[in-house]
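These notes are about the structure you will find just below.
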Amino acid sequence: MIAEAGHYALVLALALALIQSFVPMIGARLRDSALMNVARSTALAQLVFVGASFIALVTLHVNSDFSVANVYENSHSMKPLIYKITGVWGNHEGSMLLWVSILALFGGLVAAFGNNLPLSLRAHVLAVQAWIASAFYLFILITSNPFLRIVNPPIEGRDLNPVLQDIGLAVHPPMLYLGYVGFSISFSFAIAALIEGRIDAAWARWVRPWTLVAWIFLTLGIAMGSYWAYYELGWGGWWFWDPVENASLMPWLAGTALLHSALVMEKRNALKVWTILLSILTFSLSLLGTFLVRSGVITSVHAFANDPTRGVFILLILCLFIGGSLSLFAGRATSLKQGGLFAPISREGALVLNNLLLTVACAVVLFGTLYPLAMEVLADFKMSVGAPFYNLSFVPLFVLLLLAVPFGPMLAWKRGDLLGVTQRLLAAGVAGLVVIAIVWAWTRGGSALAPLAIGLGVFVIAGAATDLAERTGLFRLPFATTLRRARGLPRSAWGTVFAHAGLGVALIGIVCETTWNTEYIATMKPNDVAQVAGYDLKLDGLLERQGPNYREMIAQFNVSRDGEALSVMTPSKRSFTTRGSSTTEAALLTRGASQLYISLGDVTAEGAIAVRIYHKPLVLMIWWGPVLMAFGGVLSLSDRRLRVGAPKPARAKQRLQPAE
Amino acid sequence: MTLWFVFALMTVAAIFAVLWPLGRGARPDNQGSEVAVYKDQLAEIERDLAAGLIALPEAEAARVEISRRLLAAAGSESGLVLTSSLKWRRAAAVLALVGLPLVAAAIYVPLGSPALRDFPLAQRERGAGSGMAQSLENLVVQVQQHLEKNPTDGRGWNVLAPVLERLGRFDEAVRAYRSSITYNGESAERRSDLGEAITAAASGVVTAEAKTEFERAHALNADDPKANYFLGLAAEQDGRKDDAANIWRALLAKAPADAPWRPLVQTSLARVGGGVTMPALSDETIAASKEMNDGDRNAMVRGMVERLATRLKQNGDDVEGWLRLVRAYLVMGDRDKAQAASTDARQAIAKDSERLRRLNEGLKTLGLDG
């Protein structure tokens, strides 16, 4: 009964979404409050039904009900409880159900907490949400139904892909989906604004928290996914320019640009066209990501369930929404009211530059992702675009962006003084140069670019600190005043500082890891000692252990440095009988921000084992950076105050540029 | 029955979600407006000014800008009054009452299986008679689960291995036989059973690995019929017809008259005849070749094989022809050429899926691409 009730709940959610798709639209046209309010109750009811459906699927997985095909194919009665639950979204059907559940969650949140929205805007936003929801409910029910049954249920399931039997699966997909799907709200707001023909600073105020939430989760989701790949795949790599990683990076780049231009719109009523276009673009890229992962057009580590027939359906949804929204945009963009004016050198101008760099970087990634696909389809020619391409195209763009980041927040609104800002950033620049010199002198090895890049990272961090010092009047005013001003500073300003500093932190981590990472690959026998980056790793022995649904071979390493014993590391290889496959569980030893990393290969006939040992200096900073960025986002989100960008009054007559 | 009751309740709840707002009167709703946002922004400026975050001239400029927006917003909002359209509300209510259940039924009925009960694991373990198919496969799973927990139970492996082999799960059978040998100790019978499973996994080709097992069995018990039979087969597949015939003849000589495997060995012996046939070729050829000496015969066979290869190069549609060619190469002990021929064959008939299927099946029985 649980299975069928869950199935029916999903069907009812579709029926409600269909009603929500157009009844509120008619209501908004007639200005009838009851019809408009239908959006609210149906959105909440949809959340209840999809939630029930999702809980039903979780229950089925937990109870190991193999009369449900999805459970049979992806679960096993011996699996630990946590993986029974996470296994729900460790497969195509379940992950799509999670996708719509989060979509319904966001719709429900707008319905529940959207009291500050004008009635017609809320009705339109929820109606657009319902269009998206209807399309995906149909997709799930028709092509990837998780509730299909097996008449003669088998006694045991086929188990979950062992690579996915990890705590990472509990965190990475839900976070990523909260990010992807969260951007559907800004999309809906943009479409609603285009339909109503009204867009202004108030609109940006209303859409701000939703965009921020989505951005925070996407940032954390990508970082988490990268860390997961780092420790689970056993190669010590943390970013592969895999099409699926790109698919999550693209919405992040566009979403970051959206976040910044929505800010300009709220504060200064400018950059309207940018904001609308970026809202559409960000969600379109999220949909594209879904298409790339779910259709099977690409083969990657994520292709745990793909099927070309589903691809056609998603492609259809993709064309409908991207095509439809862009045509609406083309038709309505000209009617948008002209926004505020600003000089090219100003905070607004800096943010336009930021948008330009981010969207071009996004376009580069898009090109790198789709070009090989296009070549394969059109010219029947297999190729892959990897790190060299992105190093030549994406990296220079980001270097430019990072150079500009400290300038942005310090320029005044409307008209800025570049020379003045440069002077104030002098200290940060000097800090960067000093670090370059120190690193250069210290290492004398590796790439000549590495010290420069580290200097850039330091410049970004110091720039963020300078901005804070300027705002609080540190060193200029008495300390007590500074403290008072720091307390009075809006939390969003603190958020900016943390988020920008996070960029610098991540950059330093990336450069250190790629330049000075040491690698040791060998076959070791018990009592052999490997020396890596000053550490001595002694292989004590190999032992076997029986896990709940796997057998495990553990290698035990004693780690010491200069004769002083530090720790014991136990990398292992697990073999899963049901799927007949095995995984490598790397062992990590964290020392400050650096890590030692051991992963096992095969055992040779003589009882020796192949091992890969890496020392990765400052590698953790790669993920601390995004966490810092997300923390900045949370600070900014917690700031309920209105955002006002006070313009710098004109001293002399200056020629102003139109906003777009 | 309960299920339908639950469905009905859920449907009613869904309908209610649509009807509820429609039923409420046109009382003024609390809703936000742009004016409110701009008023808040003005208040924000005062707060920033008081905290010393912005200077007075900047605050003044901001105030002017926001006031301008406030006026514009107030002007556009005053023209909007809420109306209530009874006709449309009724239409929406009808849609909810009739349309919603219809849509739900139309989608659920073809997709759902309302007649099927849940089968959670706990219930399954309590009683097997609950309609659960107690098929052989399910029994195998139960034994496997037992062995997963007690991998040293040799008797369990002994029971499981032949069942797996009969089910065609040869790779698993090989593992099971190996475990059986590990935990029960070795015997000629177990060794040759293992060899048989390996052979079956390789689609009937006695691989080097399998041969080792048969040789071990033979060393343990020189009279083990299975080991002897397969050693003969290995010899045949290696192209050593005479050896094969000798092994099988010896086997038959020692065998009891009522041994069930006698006919099989006899057929095999007949296949290798006096140790002279090339099974790849037709009967007439074999008859003709019988009158020749070894050198001539080989030359003739090679010539025929070459002719067949040339013919197939010109006209590659003939699946049986390709299979005959591959088999001939295999019998002549030329595995590389056999592989090459099968690749050529695939290319030649790649466009015809039906033929390709037949070819692949044929190749499988020959032990290529096992």
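Note that the numbers count up from 1, one per residue, in the order the chain is shown.
In case you wondered, yes, glycine gets a Cβ from its N, Cα and C as well.
Just so it is clear, the model here is predicted, and its values are computed rather than measured.
Sequence annotations record features per position, and here TrEMBL assigns transmembrane segment to A:6-30 (among others). Packing against the transmembrane segment (A:6-30) from elsewhere in the chain are residues 36-39, 42-43, 45-46, 49-50, 52-57, 60, 97, 100, 104, 119-120, 123-124, 126-127, 129-131, 133-134, 137-138, 140-141, 145, 147, 196: each is 6 or more residues past its ends and has a CB under 8 Å from a CB in it.
Mean per-residue pLDDT, taken over the domain 'Cytochrome c assembly protein' (A:89-295), amounts to 90. As annotated by TrEMBL, domain 'Cytochrome c assembly protein' applies to A:89-295.
Per TrEMBL, the feature transmembrane segment maps to A:96-113 (among others).
Annotated transmembrane segment per TrEMBL: A:125-144 (among others), in sequence order.
Within its own chain, the transmembrane segment (A:175-195) has Cβ neighbours under 8 Å at 95, 98-99, 102-103, 106, 110, 121, 124-129, 132, 203, 206-207, 210-211, 213-222, 224-225, 248, 251-252, 255, 258, 262, 275-276, 279-280, 282-284, 286, 289-290, 325, 328-329, 332, counting only residues six or more beyond its boundaries. According to TrEMBL, the transmembrane segment annotation covers A:175-195 (among others).
When Cβ-Cβ distances below 8 Å are used as the criterion, the transmembrane segment (A:207-229) is approached by residues 106, 110, 166, 168, 171-173, 175-183, 185-186, 189, 237-240, 245, 248-249, 251-252, 255-256, 258-259, 262-263, 266, 279, 301, 622-623, 626-627, 629-630, 633-634, 636-637, 643 of the same chain, each at least six residues removed from its ends. The feature transmembrane segment is assigned by TrEMBL to A:207-229 (among others).
Marked as transmembrane segment by TrEMBL: A:249-266 (among others). Within the chain, the transmembrane segment (A:249-266) has long-range Cβ neighbours (under 8 A, six or more residues past its boundaries) at 179-180, 183, 186, 200-201, 203-205, 207-208, 211-212, 214-215, 218-219, 222, 272, 274-275, 278-279, 281-283, 285-286, 288-289, 339, 347-348, 351, 354-355, 358-359, 361-362, 365-366, 369, 643, 645.
Here TrEMBL flags A:273-292 (among others) as transmembrane segment.
For the transmembrane segment (A:312-330), the list of distant contacts is 131-132, 135-136, 139, 142-143, 187, 190-191, 194-195, 276-277, 280, 283-284, 287-288, 290-291, 294-295: same-chain residues at least six beyond its ends, Cβ to Cβ under 8 Å. According to TrEMBL, the feature transmembrane segment maps to A:312-330 (among others).
Among the features that TrEMBL reports, domain 'Cytochrome c-type biogenesis protein CcmF C-terminal' is placed at A:315-640.
Residues or ranges marked as transmembrane segment by TrEMBL: A:394-413 (among others).
Here the transmembrane segment (A:448-469) has long-range neighbours at 399, 402-403, 405-407, 409-410, 424-425, 427-429, 431-433, 435-437, 439-440, 475, 486, 493-494, 496-498, 500-501, 503-505, 507-508, 511-512, 515-516, meaning same-chain residues at least 6 beyond its ends whose C-beta is under 8 angstroms from one of its own. As annotated by TrEMBL, transmembrane segment applies to A:448-469 (among others).
Annotation comment: TrEMBL describes A:493-516 (among others) as transmembrane segment. Away from its own ends, the transmembrane segment (A:493-516) comes close to residues 238, 402, 405-406, 409, 443, 445-447, 450, 453-454, 456-461, 463-465, 467-468, 471, 593, 616-637, 639 of its chain (Cβ-Cβ under 8 Å, at least six residues beyond either end).
The transmembrane segment annotation in TrEMBL covers A:621-638 (among others). Sequence-remote contacts of a segment are chain residues at least 6 beyond its ends whose Cβ falls under 8 Å from one of its Cβ atoms, and for the transmembrane segment (A:621-638) they are 209, 212-213, 215-216, 219-220, 222-223, 226-227, 238, 491-492, 494-510, 512-513, 593.
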